[in-house]
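TrEMBL has this to say about the protein:
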- Ser157, Arg177, Thr238, Ser300, Arg301, Lys310, Gly338, Leu339, Glu377: NADP(+) binding site (BINDING)
- 94-222: domain 'FAD-binding FR-type' (DOMAIN)
Amino acid sequence: MSHLAVVSQVSFAVPVGNDSSTLTTSLFKTQNVRFGDKSWAPLLAVNLKSRNSQSRNRYAVCMSVQQASRSKVAVSPLELEDAKETPLNLYKPKVPYTATIVSVERIVGPKAPGETCHIVIDHDGNVPYWEGQSYGVIPPGENPKKPGFPHNVRLYSIASTRYGDSFDGKTASLCVRRAVYYDPETGKEDPSKNGICSNYLCNSKPGDKVQITGPSGKVMLLPEQDPNATHIMIATGTGVAPFRAYLRRMFMESVPTYKFGGLAWLFLGVANVDSLLYDDEFTKYLQDYPDHFRYDKALSREHKNKSGGKMYVQDKIEEYSDEIFKMLDGGAHIYFCGLKGMMPGIQETLKRVAEQRGESWDQKLLQLKKNKQWHVEVY
């Protein structure tokens with residue numbers, strides 16, 4: 001079997017739409033990365049399938065890392081495994097860390113409603129984090145509600161492992177959807193009400209400086225005490241960010257201290273196929289580790305639930321409810337990440353299923369929380 005991989009991020013900004021300016025390379029430390037017993041030089045792979053002339057993002061940048069074989073990637077420095085305490089709030093809003101944008105890449109297709117970007121940030125190893133944590137970002141400028149003061153911190157779940165997309169512990173990746181406001185009466189975009197931080201990040205260019213805080217959060221940390229545990233991950237949209245980090249740690253990286261032998265089951269809810277995030281990575285894990293990974297998608301604008309309505313993640317949960325409840329009874333961890341509007345529908349579904357099984361959902365939920373099996377991060 002030949003070993004072939006696209007490795008360290010080697011990003012080229014490629015003009016799309018009407019911009020015919022010359023190619024400009026992104027900032028990154030190119031390096032050889034070892035796959036198994038072979039050393040591979042960085043390769044370039046620019047994928048323009050998701051670009052169209054209407055793209056708000058003027059530059060298309062290649063996907064960070066893809067893996068094309070079961071050989072896992074060696075990571076460094078392994079000292080990142082030695083910390084006994086979770087890194088927390090190393091940098092605070094009053095004294096943030098100045099990091100550097102490595103690359104910004106649109107990662108959804110032309111038919112996706114809205115734009116989502118994968119943003120790689122170089123922190124040079126100075127802002128270490130664990131999978132499941134968040135960075136705060138302070139956009140430049142003055143807070144309109146507090147003249148003379150900076151903007152408030154916006155939190156973003158980190159979409160990479162502690163080693164980053166370059167596997168060297170010096171970068172972190174964010175998955176950011178551009179927040180755009182449309183006037184309900186005119187249907188036109190009102191830039192004055194657009195999301196300040198998401199637009200700042202999606203508009204940023206390689207080399208730009210970015211103020212970050214953190215890392216923060218402990219509720220979504222991946223419990224690694226039992227490497228054979230079951231992890232059920234439920235995401236809507238950019239809520240898939242921490243799960244991408246978990247899955248890269250489980251299936252892509254060669255981490256001597258963590259050999260995953262359990263089951264990871266991802267439910268991802270998005271609008272349509274063009275809105276799928278990191279689908280190539282997840283599909284590859286499914287091919288390479290069918291006994292350890294399951295992947296179910298709910299495409300609300302393309303799939304129908306059993307009642308003929310739109311298919312949401314809670315419909316998928318109901319579809320597999322017997323298995324899910326048995327797994328939870330067996331100690332499985334369940335995680336939810338995405339817009340807070342996802343939770344009421346999910347809770348209603350779980351309650352209905354529990355009642356059909358003759359169980360009290362309220363009591364079951366209390367027990368799951370007590371056992372630290374229940375992990376929620378919504379925004």
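Here the Cβ of each residue, glycine as well, is placed from N, Cα and C on the backbone.
When the binding-site residues Ser157, Thr238, Arg301, Gly338 are compared by the number of other C-beta atoms lying within 10 angstroms of their own C-beta, Arg301 comes out lowest. For the domain 'FAD-binding FR-type' (94-222), the model's average pLDDT works out to 94.
The Cβ neighbour count for Glu377 (NADP(+) binding site), using a 10 Å radius and every protein chain shown, is 19.
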